[in-house]
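K.L.:
Residues or ranges marked as (6S)-5,6,7,8-tetrahydrofolate binding site in Swiss-Prot (evidence: sequence analysis): 121, 125, 126, 127, 355, 356, 357. What Swiss-Prot lists as site 'Plays an important role in substrate specificity' is 228, and the listing cites sequence analysis. Look at Swiss-Prot and you will find 229 tagged as N6-(pyridoxal phosphate)lysine, backed by sequence analysis.
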């Protein structure tokens, strides 16, 4: 018999200490990694539930195991909410991650050796969009498209590459691009050569759900996303489509299960269902609007302090600081800010002279800081502190002074009150 009073703290002190230290780190550090966010206690309640015990290979109403009548309800709730939130008529909530969702799309629609057009990782793309070090870059012939001198996606280049190479699929989406993507233009280019348009909206799904960023679902053949990041749910993936192509939907379902995964994680799917419901609330829209406002406010401060922001602006939740003119590496900046309890990530910038392990930039995002209640006044102050550290990167007194300010503001704006 399992007793409900069993707990980690009494049983595994070493593990519990590490878990508790991470709780403290999250409360006492300002999180500016664009792909990170804080999920709600409701989502964590779902993820810590007894649903983790249930195997449920298959889909609602078509399972390979018995005893699935209640997890069928859970999964159907998640499916229905995903479709309603993003205006889709198909949703698969089973992918364990965004990467697995992406590979399900590739598996469903491509053959090894097929040509795809994806955003250059060095220009803001994602590993799974055809990077040579990723399986997507090894299985398929990848033609990268990029940004122009203004830092915007070069659609003329994209169209020319599409005409020249005739890819079977064009991949939209990004991990470090601060502009607005013209999904309709991308579909026009895809249609001109008879290609699929596949959009990975992982970074901006929350903004899209709140009508703060354009929705690709009406334009793309298939859309994937993670359920964390701006959507603020559990870590996991989601596939969406619209248009009524039942043959496509069957291919996508088969590519997820049995093609790429076995049993779904029902406790995580329950967390997705909760997060999708939360994303329909009025306060979620206000939150996403503030995420975008905060990113713009931070960019204004960096520009006023003489820092180079790639493209000079942001229209979503993130932006890149190009530190080449400051003679700093992203690795140095990341480490110095970390000592001040400000968490960012080093990131390559366009035409970066440094390796991906060093880089010449940092990526900054506002979802997590906004989640804890920061508004324009707080993020402007925060951006100023970041400038202070980067302008005095070897001055430990400056770093310590900023750290104390960070600790103070974190105490005033706790993640979990």
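The backbone N, Cα and C atoms fix where each Cβ goes, and this holds for glycine too.
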K.L.:
Looking only at 121, 125, 126, 127, 355, 356, 357, which the record lists for (6S)-5,6,7,8-tetrahydrofolate, tell me the maximum pairwise CA distance in angstrom.
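P.N.:
Maximum Cα-Cα distance: 17 Å.
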K.L.:
State the Cα to Cα distance, in Å, between residue 127 ((6S)-5,6,7,8-tetrahydrofolate binding site) and residue 228 (site 'Plays an important role in substrate specificity'), rounded to an integer.
P.N.:
18
K.L.:
If you skip the near sequence neighbours and keep only those at least six away, which residues in the chain come within under 8 angstroms of residue 228 (site 'Plays an important role in substrate specificity'), Cβ to Cβ?
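P.N.:
Same-chain residues close to residue 228 (site 'Plays an important role in substrate specificity') (Cβ under 8 Å, separated by 6 or more) are 35, 36, 37, 39, 234, 235, 236.
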K.L.:
If H, G and I count as helix, E and B as strand, and all else as coil, what does DSSP give for residue 355 ((6S)-5,6,7,8-tetrahydrofolate binding site)?
P.N.:
coil
K.L.:
Applying a 10 Å Cβ distance cut-off over all chains shown, what neighbour count does residue 126 ((6S)-5,6,7,8-tetrahydrofolate binding site) have?
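P.N.:
Taking all protein chains shown, residue 126 ((6S)-5,6,7,8-tetrahydrofolate binding site) has 24 Cβ neighbours within 10 Å.
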K.L.:
Quick one: pull the CA-CA distance for residue 121 ((6S)-5,6,7,8-tetrahydrofolate binding site) versus the residue listed as 'N6-(pyridoxal phosphate)lysine', whole Å only.
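P.N.:
Cα to Cα, residue 121 ((6S)-5,6,7,8-tetrahydrofolate binding site) and the residue listed as 'N6-(pyridoxal phosphate)lysine' are separated by 19 Å.
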K.L.:
Quick one: pull the CA-CA distance for residue 356 ((6S)-5,6,7,8-tetrahydrofolate binding site) versus the residue listed as 'N6-(pyridoxal phosphate)lysine', whole Å only.
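P.N.:
Answer for this pair: 22 Å between alpha carbons.
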K.L.:
Restricting to the same chain and to sequence separations of six or more, state which residues have a Cβ under 8 Å from that of residue 125 ((6S)-5,6,7,8-tetrahydrofolate binding site).
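P.N.:
Expected: 118, 119, 131, 144, 173, 174, 175, 177.
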K.L.:
When you tally the Cβ atoms that lie within 10 Å of each candidate's Cβ, which of the binding-site residues (121, 127) has the highest tally?
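P.N.:
Counting every other Cβ within 10 Å of each candidate, the maximum falls on 121.
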K.L.:
Sequence gap of 6 or more, Cβ distance under 8 Å: name the residues on the same chain that satisfy this around residue 357 ((6S)-5,6,7,8-tetrahydrofolate binding site), in order along the sequence.
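P.N.:
Counting only residues 6 or more apart in sequence, the Cβ neighbours of residue 357 ((6S)-5,6,7,8-tetrahydrofolate binding site) under 8 Å are 331.
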K.L.:
Report, as a single number, how many Cβ atoms besides its own are within 10 Å of the Cβ of the residue listed as 'N6-(pyridoxal phosphate)lysine'.
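P.N.:
So the number of other Cβ atoms within 10 Å of the residue listed as 'N6-(pyridoxal phosphate)lysine' is 28.
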K.L.:
Within 10 Å of the Cβ of residue 355 ((6S)-5,6,7,8-tetrahydrofolate binding site), how many other Cβ atoms are there?
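P.N.:
Total other Cβ atoms inside 10 Å, all chains included: 11.
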K.L.:
With H, G and I counted as helix, E and B as strand and the rest as coil, say where DSSP puts the residue listed as 'N6-(pyridoxal phosphate)lysine'.
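P.N.:
Looking at the DSSP assignment, the residue listed as 'N6-(pyridoxal phosphate)lysine' belongs to a helix.
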